[in-house]
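**Student:** Just dropping this structure here.
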Amino acid sequence: ALLEKDPQVSEPKKYDPTFKGPIYNRGCTDIVCCILFIICILGYVAVGILAWSQGDPRKVIYPTDSRGQFCGQAGTPLETKPLLFYFNIMKCASPMVLLEFQCPTTQMCVEKCPDKFMTLLKAYANKEDFKYYKNFCKEGLEGLTVTQILSSGLCPAMLTPSKPFTRRCFPALGQKKGGEITVGNNSKFDDGEGNIRDAKDLVAGVKNATVVIEARQVAMKIFEDYTQSWYWILIGLVIAMLISLLFIVLLRFLAGIMVWVMIVMVILVIGYGIFHCSMEYVSLKSEAGSNVTLKDLGFQTDFSVYLHIRQTWLAFIIILAIVEVVIILLLIFLRNRILIAIALIKEASRAIGYVMSALFYPLFTFALLSIVIAYWAVTAVFLSTSNQPIYKVFNETACDHSRKICEPANFSTSSMKAECPDSKCLFAFYGGETVYHKYLIGLQFYNVFLFFWCANFVTALGQMTLAGAFASYYWALVKPDDMPAFPIFSSLGRSLRYHTGSLAFGSLILSIIQIIRVLLEYIDHKLQGTQNKCTKFLLCCLKCCFWCLEKFIKFINRNAYIMVCAVSTGNMMNNNTLSVRPLCYWKRTLPSCFPGIFAFFFFSGRVKAFENTAPNLHYYWVPILTVVVGSYLIAHGFFSVYAMCVDTLFLCFLEDLERNDGSAERPYLMSDRLLKVLNKKNKPEPAE
């Protein structure tokens, strides 16, 4: 089993003089789950090969015209025509439908979108205009009248000024000061059928495009901010890395002082945040419009607007105050265990000094996770694009064959065309009727599930590898002589050789819970429009319960991996490990606070000395947030190794206390610092 419990967990383990920690006398664990995991991985590879052989990513990259051809694809006649043009955009419900399904109007690939108003009737009378109009028509116009062209569906009845968006031509909608909708600076247009219509009639076809376009504009501004500030962001991240390394070095020699300094600094930093937010809140008291609520303000693409609202700063004050109170309460309740935590931190610093390569092991874990994510993403794309083009009958009038599957090659001579003369056989979507296509959803689910399983397995492998390396340090009687030459590589080999099944079992349980959480989120998203409060309450409770269950399983797994690879008993699951965790979290937080504070004063222009040096940005919070998040991730990478070392040493010295009694025959292997904190000591050997 994963925890390898003894039959009688209440009895202390008997002394074993041959016990050398995790290096010798290992045995395979959870063999059945290991075999199951290997079979699932082989199946995952088979799904990937099948998807890669059937899929076509061009369906995602390029828009598709009514014939199923890809616009702008290199090496095809449409290479110079990258944009998709709709004959009558008003027949489309929304651009989201255009991206996923087919709009009941002819679509063709064009070089560029139309930039002027024009109707076929007027263009037909002018040679130059008709030459321009032909760019948006099918071939075969020679000798046909306007009526024949329109009845054959060879040309659109009108052209409206359009702009490309997601490689598709959408009307260039605008808005006058009075709120009147315009297209090409005109509020009315000729629809080509003799009717003068309002520009607002086009909104139904592109009603969601404006929101997406605004989001795109915000994204472009953010991208521009990154191009202007990337080197300063890089400097901030380098500073964060140096600070993290400096903290680890200092903790080895000044652990007690550093722990208390970090605790005080975190409290002071949060206290300064409360003070700063309070000053901003008070300063906005006399400004007009500052008392508007966030609910009334709604969503704004210019996020700096929120900083001029008093309620924003009040929310910051409340959040920071709650965090400050929680930290102070934790200190009060954990004050008696800080000495033990300091001793463990000193010992962990010493252990990391012997296993310095452990600090860079998270890079290996990150590389493996990147491979897992890339494999999942590529497989998902190929699976989603492995369908065949499906053509259906589209008709504006009543037709018995409407929306039925058709073949464009012989549609003009088919009975469907004869019964419905004005119908068209257009590309509808990608699908299929084969066995492979019927189980495509199941393959996508398998892809997602194996993604979670593999990602959790990689994370678990990292935890067990680090635990085994630090355990080899603890159980070495003479350090570093009794340690492996390469502790990380030795531990990685032992984990894969003996404990792949345990890693697979723990990650499988966690993956099942995560899949359930994803399904609950999906159900909640689908039921957002309902007003059933009972259903909402039930979903909220389930989401909360499974979130707590996931956190609990992660905690159990972490300690179980340590026990499997570092010790040999499962009766030491003890909540004392929690006493050191808050300090580990503070060590991660503080190194990210310094670069974050520096970035705030630098990019916001609050310090006059930096006014001419700082770049001119649209949103100064973009580099600040990037530096803070990046600094935290860097600190998390370093101190996650530190936290694993502390937890491993803690469980090892619990095993040490159970196996040994401090006598000359059974001496404690823990350091003198831990012996002193626990009021233990090794008895000297008797004189001969």
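A Cβ is built for glycine as well, from the same backbone N, Cα and C atoms used for every other residue.
Annotations in TrEMBL come from automatic prediction, not curation.
Quick caveat, the model's predicted, so the values are computed rather than measured.
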**Student:** Among 209-227, 532-550, 551-569, 589-607, where does TrEMBL put the label transmembrane segment?
**Tutor:** 589-607
**Student:** At least three Cβ pairs under 8 Å linking the transmembrane segment (29-52) and the transmembrane segment (496-520), pairs spaced 6 or more in sequence?
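**Tutor:** In contact, yes.
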**Student:** Which of 230-251, 354-383, 619-639 has the most Cβ pairs closer than 8 Å to the transmembrane segment (257-275)?
**Tutor:** 230-251
**Student:** Should anything in the same chain at least six residues away from the transmembrane segment (230-251) have a Cβ under 8 Å from its Cβ atoms, list it; otherwise answer none.
**Tutor:** 258-259, 345-346, 348-349, 352, 359, 587, 590-592, 594-595, 598-599, 602-603, 614-615, 623, 626-627, 630-631, 634-635, 638-639, 642
